[in-house]
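Per Swiss-Prot, the feature substrate binding site maps to Arg71, Gln72, Ala73, Gly74, Arg75, Phe90, Ser120, Asp121, Tyr198, Ser253, His368; the stated evidence is similarity to another entry. Residues annotated as site 'Transition state stabilizer' in Swiss-Prot: Asp121.
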Amino acid sequence: MMSCNYSFSSISPSSKSAFTSPSNFNLNPRLICCSAGGTVAEPKAINATQPLLLDAVRGKEVERPPVWLMRQAGRYMKSYQLLCEKYPLFRDRSENVDLVVEISLQPWKVFRPDGVILFSDILTPLSGMNIPFDIIKGKGPVIFDPLRTAADVEKVREFIPEKSVPYVGEALTILRKEVNNQAAVLGFVGAPFTLASYVVEGGSSKNFTKIKRLAFAEPKVLHALLQKFATSMAKYIRYQADSGAQAVQIFDSWATELSPVDFEEFSLPYLKQIVDSVKLTHPNLPLILYASGSGGLLERLPLTGVDVVSLDWTVDMADGRRRLGPNVAIQGNVDPGVLFGSKEFITNRINDTVKKAGKGKHILNLGHGIKVGTPEENFAHFFEIAKGLRY
């Protein structure tokens, strides 16, 4: 197990009891005020040519782990809730350049994370592939014509991002200028199996019987669909990178539904194909893979060729680091539910995660997206502690 010694230079007085303070402990750091009442340590000047997150991923020496949180732009923030009142439809918010930029920057302006992720959805490309869908409040994704036959799959079109989702490229270009290398601008896409799960099931699912019936009864049909998604997502990643994204995360949210042997057939080869394709044209673009429920798959994930594996909270960080090996960086993996706890509890969990991750090649994050109802002041506290860490 890797280990490191680190100190905390921006911990609030109420949290000090959780740590042994070093002699140079700074009790009065400069702070940024949070609209929710919390504070975040003011960031130091960052190398204008290389965001901290990119240095960490590439194995360079860094003073602390970079930090950003999945779903950091969104529903837990009061400012986002106000926008939702004005623009109640999700796609009205996620397909409008000005709103995408505004929402993406909301957490950046308050908390200064080391990664600023595009506000969007993994299903955004579907319309451009001739798969009509919507995201309905209280119900989630709805696929109007689920794909379940070879004829259905045949109708799926080639995805051309610059024609189908130009607002994504425009938003990323603006974000890159706004953030100005003080943080890494992050794009993201859905993994082929996860996208296929949505379009076959017709939306979210509890049992995944339809996608599994297709996988086990008509695997050729599913493979044809997965191939179309793999080709399209590779294009989408390149488009995002060319538009300004400095790293891209691939979400395989439903990998948890696959046994290891089925992951090797229906997910791994398509993830590897995406990575190989992107690396041909963008060899230095960091690619992050988040596969939910991947505790039984960890040794297989580096085989995709990604630069970073993002762990969910069901994997012990020290065990995950050991099983993944030294050649990939690691991201995660605080339980999102921890943010409902006390500030001392949150601090202790951050402490535990960073210690187990070891020094370097670690991006501090949650093990899943932020949950609805998370107190904004606890979110602020997470960043205050995280940005005060020192190896």
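Here the Cβ of each residue, glycine as well, is placed from N, Cα and C on the backbone.
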Same chain, 6+ residues apart, C-beta under 8 Å of the C-beta of Arg75 (substrate binding site), given in sequence order: Gln81, Cys84, Ile370, Val372
Whole-number Å value for how far Asp121 (site 'Transition state stabilizer') lies from Arg71 (substrate binding site) (Cα to Cα): 10
Tyr198 (substrate binding site) in three-state DSSP notation: helix
Alpha-carbon spacing, Tyr198 (substrate binding site) to Asp121 (site 'Transition state stabilizer'), which is rounded to whole Å: 13
Taking residues Arg71, Gln72, Ala73, Gly74, Arg75, Phe90, Ser120, Asp121, Tyr198, Ser253, His368, which bind substrate in the record, the widest Cα spacing (Å, whole number): 23
Nonlocal residues around Asp121 (site 'Transition state stabilizer'), in sequence order (Cβ under 8 Å, 6 or more apart): Phe90, Ser94, Ile135
Neighbour count (Cβ, 10 Å) for Ala73 (substrate binding site): 25
DSSP-derived structure type at Asp121 (site 'Transition state stabilizer'), helix or strand or else coil: coil
Least Cβ-crowded entry, counting other Cβ within 10 Å, from the binding-site residues listed as Arg71, His368: Arg71
